[in-house]
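Asks: Starting off with a structure, shown below.
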Amino acid sequence: MPLGFRGEGITYTARFCGVETPFYFNIKETIKTYIVHGDFDFVVSPLMFSGHSPSKDRDPEVHNLDRRLYPYAETDINVAWAQWAKAGIVVAKICPWLDLDSEDENVRTDSEAILKQQIEWASYLSLKACLLPTPKGNSCANYARCVNQILKGPKNNMQLLLRIPIGMSDNDYSPRSNASVDSWQTWNSFRVLCDHHNLLTIALDIKRVLPPENSLKRWYGEPVDAAILDTDIFLTKARGNTTYLPKRHQKLIADLLDHNKPPFRNFSSALSYEGQATDSLKYTEYERAICKALLDRVPNEKASFIVTVLVVVGAGRGSLVFASLKAAEITGRKLKVYAVEKNPQTVIALDEVIKANNWVDIVFIVTSDVRYWNAPERADILVSDLLGSFGDNELSPESLDGAQRFLEKDGISIPSSYTSFLQPLTASKSYQIAKARKYILHSESACVVKLYNVARLAPSQQVFTFTHPKWFDKESNERYKKLQFEIPKDTGSAMVHGFAGYFNMTLYKDVCLATEPSTKKPDLFSWFPMFFPLRMPIRVDRGSILEVHFWRCVDSRKVGFLFLFLHFMLLIWIALCNLKQVWYEWCVTSPSSSPIHNCNGRSCWMDL
């Protein structure tokens, strides 16, 4: 019974429903019972009889000479390889009684041997995943060491799901019960010992009594690949004898399914243009802002003869041009538009749009960087769409500062201001992706992502604000901000993998657009958040203060170019030129310190 359909071309994990079974020697009959006739998608089944003990095999007094083989489920002779591996319908359940950190040496060595035997057997059968038992006691160092050896083995490509309980059952709902221990602490200790390996994920064993909501949200940013629900959790309706999950459990499962997707990175400029052009909310708000500006600029009695000069900075394929002309039509104002666009490929499409709509007499295309364009006349209104996912990360301040030289003294800039925001995140999968690439370039490069598998640990806070027009030429676009995020006391401990970046923008007067979660409108999709990673995660405890420092740096540099020509002789030419660049740097100073990330823009920067 699939919980979600995975269409063609979709690579993230689909949602399926399986069943946990006891040990059966006849695994083929198990598959037939639960999958063929039971309509489940997979079974989680032990591959070895749980009563087996290697130490008993070594004892000559109890060793059974007629039973030299280990008590495994039937071999692949009777079960097709496709059923074991390709279809992925069997997940191996490792013996739950294993205690690899026991003080009893026999228990510990037996547990190590059985874990290794069962993993080797599952690997031989080419299984895709194994379910590991929950760590026992307060220490899991030896258990994690053994699992880490398996994960980093030369031939391992099998996913290992660590069973982690969340909440308490009716039997252990006691302040002194081990179940009252924060299970996130157990998971975090285990995954840190295993060096955040990407094949180590979580199977959340969800109990009847759930912890507070903020505590549950931590798991949205962790690599949860399975949820285990005991049948005792389900309730029965008085009428109809139908079963259902309690509401909090329903919400938890729905949220886990919604968050369990990989980060999406948007790097395609062509797709970006196409996507933004269909964002009706965005351009409706721009149209409203331009209407208000035109009405303020030109009174009704002069509307028939005053022509407003409007410059679109970054015209793209013409969406802002269209919004400007629509606003002029609605307000009954006359308009002359300069569409400035430096991308020569985009200008071709823009020219086609203008000709197709018969705008050639009122819209004039300028193929230039607006900072270096010599405008033939001064503008009454500047309209731009230069904001990136973090507001100023696509050089909007520098571009609009350069454009305002041809803006009238009482001219209007749309947008008139914008503010960036930061929010601490648990984003385990994003961290694993960056870590797998091993280079510092990937571990401290800000990127545009669609946030799914994340936990937001505290409300976002303002970082930098820019206002336009800016009439003080000496005001720098460099910025510095210190932020202090308080982790809610009912959240529990958590791991910070980085920060989400958003923005709020005032177009004109009361017309605004925002990506910051508390003010974002759901129909706005032109911008995905930024993600600023940490090279090493920072652990925070409940009620603690996370202190973050963030810089926006602007500098001119000497950049050298080396050209080599080899034709009967070697000619070396070194050219030095000045390039102005903008970049961000960030670090954490509490509760522990991190390195300053992206120092001197070594990993990511923007050229002016």
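Cβ atoms are placed via backbone N, Cα and C, with glycine included.
Not my notes, these are from TrEMBL:
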- 40-261: domain 'PRMT5 TIM barrel' (DOMAIN)
- Y273, K282, Y283, E341: S-adenosyl-L-methionine binding site (BINDING)
- 305-325: transmembrane segment (TRANSMEM)
- 417-561: domain 'PRMT5 oligomerisation' (DOMAIN)
- 559-576: transmembrane segment (TRANSMEM)
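Tell me about the surroundings of these features in the structure.
Replies: For the domain 'PRMT5 TIM barrel' (40-261), the model gives a mean pLDDT of 82.
Within 10 Å of the Cβ of K282 (S-adenosyl-L-methionine binding site) there are 23 other Cβ atoms, across all protein chains.
If one looks beyond the transmembrane segment (305-325) by at least 6 residues along the same chain, the residues whose Cβ comes under 8 Å of a Cβ in the stretch are 273, 276-277, 283, 286-287, 290, 294, 297-298, 333-343, 346, 349-350, 353-354, 357, 359, 362-363, 365, 370, 375, 377-386, 399-400, 403, 406.
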Asks: Under 8 Å Cβ-Cβ from E341 (S-adenosyl-L-methionine binding site), six or more apart in the same chain: what's there?
Replies: G314, A315, G316, V347, L350, I365, V366, T367
Asks: Do you know the DSSP helix, strand and coil residue counts for the domain 'PRMT5 oligomerisation' (417-561)?
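Replies: Across the domain 'PRMT5 oligomerisation' (417-561), DSSP assigns the residues as follows: 14 helix, 78 strand, 53 coil.
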Asks: List every residue in the same chain as Y283 (S-adenosyl-L-methionine binding site), at least 6 positions away in sequence, whose Cβ is under 8 Å from its Cβ.
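Replies: Same-chain residues close to Y283 (S-adenosyl-L-methionine binding site) (Cβ under 8 Å, separated by 6 or more) are S319, L320, F322, A323.
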